Amino acid sequence: MSGWVDVAPGSEAAPRRSGGARGRALSIPFSREETTASGRRCGLQPPAWLTMALSMETESHIYRALRTASGAAAHLVALGFTIFVAVLARPGSSLFSWHPVLMSLAFSFLMTEALLVFSPESSLLHSLSRKGRARCHWVLQLLALLCALLGLGLVILHKEQLGKAHLATWHGRAGLLAVLWAGLQCSGGVGLLYPKLLPRWPLAKLKLYHATSGLVGYLLGSASLLFGMCSLWFTATVTSGVWYLAVLCPVITSLVIMNQVSNAYLYRKRIQP
């Protein structure tokens with residue numbers, strides 16, 4: 001006759017069946033909460049590895065929640081800053097008025113959205129495949145480059161009409177460098193869309209180089225925006241605490257993008273043996 005063998009509470013013996021299954025231990029699943037609670041009731045402390053695992057899992061959940069919140073903030077800040085500049089500049093009121101609008105559209109909104117496409121937590125295109133998101137990323141980057149080129153051309157024409165010198169400020173130099181870098185970055189992206197064009201280069205290295213170069217280009221664009229907010233036009237239009245809030249916008253998006261790229265590529269490559 002088979003039956004259950006009584007085991008004293010707190011003993012180390014596992015529940016066993018008598019009869020034909022004698023000596024065979026039963027696997028009784030317990031949840032993590034039940035295991036910890038029962039150990040405390042019996043006066044036992046959970047093992048150190050279990051406590052560490054629970055702590056790491058909790059920290060991981062908190063970290064993912066923070067990254068999700070920061071990604072959502074980056075979406076809102078990039079869009080809000082672009083709208084704010086457009087309201088200030090009133091595009092169409094003058095030839096120069098298109099320059100800040102196009103540059104903020106390029107380096108604040110389009111380029112930020114192009115990089116957030118690959119965010120595991122805050123991408124707006126989660127339903128697309130990796131290849132589909134890569135194509136959307138390239139299209140957004142190309143649109144950003146076109147807006148930047150048009151904005152650069154208009155400000156050059158505006159300065160020619162006024163007889164002013166070109167590249168006389170840090171804003172102008174950083175802006176030109178950012179536009180040129182964006183052009184090179186878009187050209188390099190073609191090699192990732194069609195890796196057969198570069199058969200001798202490992203795809204993993206191409207992605208790493210492209211991500212690193214893209215981060216540098218994004219920071220250059222953000223720097224040009226920051227220098228632009230120090231220009232006479234912006235400081236005469238925006239004063240008091242609003243100026244400081246505007247300056248925070250490129251800083252916030254840059255920190256989010258830096259965290260995303262470093263976690264996706266740079267940090268992962270560094271910890272590999």
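Note: Cβ is positioned from N, Cα and C throughout, glycine not excepted.
Those TrEMBL annotations? Automatic predictions, nothing curated.
If you look up TrEMBL, you'll see 65-268 marked as domain 'Cytochrome b561'. Annotation source TrEMBL lists region 'Disordered' at 1-25. Taken from TrEMBL, the feature transmembrane segment covers 69-89, 95-118, 138-158, 170-194, 215-236, 242-267.
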Selected stretch (most C-beta pairs under 8 A with the transmembrane segment (215-236)) from 69-89, 95-118, 138-158, 170-194, 242-267: 170-194
Most Cβ pairs under 8 Å with the transmembrane segment (95-118), selected from 69-89, 138-158, 170-194, 242-267: 138-158
Among 69-89, 138-158, 242-267, stretch most in contact with the transmembrane segment (170-194) (C-beta, under 8 angstroms): 138-158
Reported mean pLDDT - the domain 'Cytochrome b561' (65-268): 92
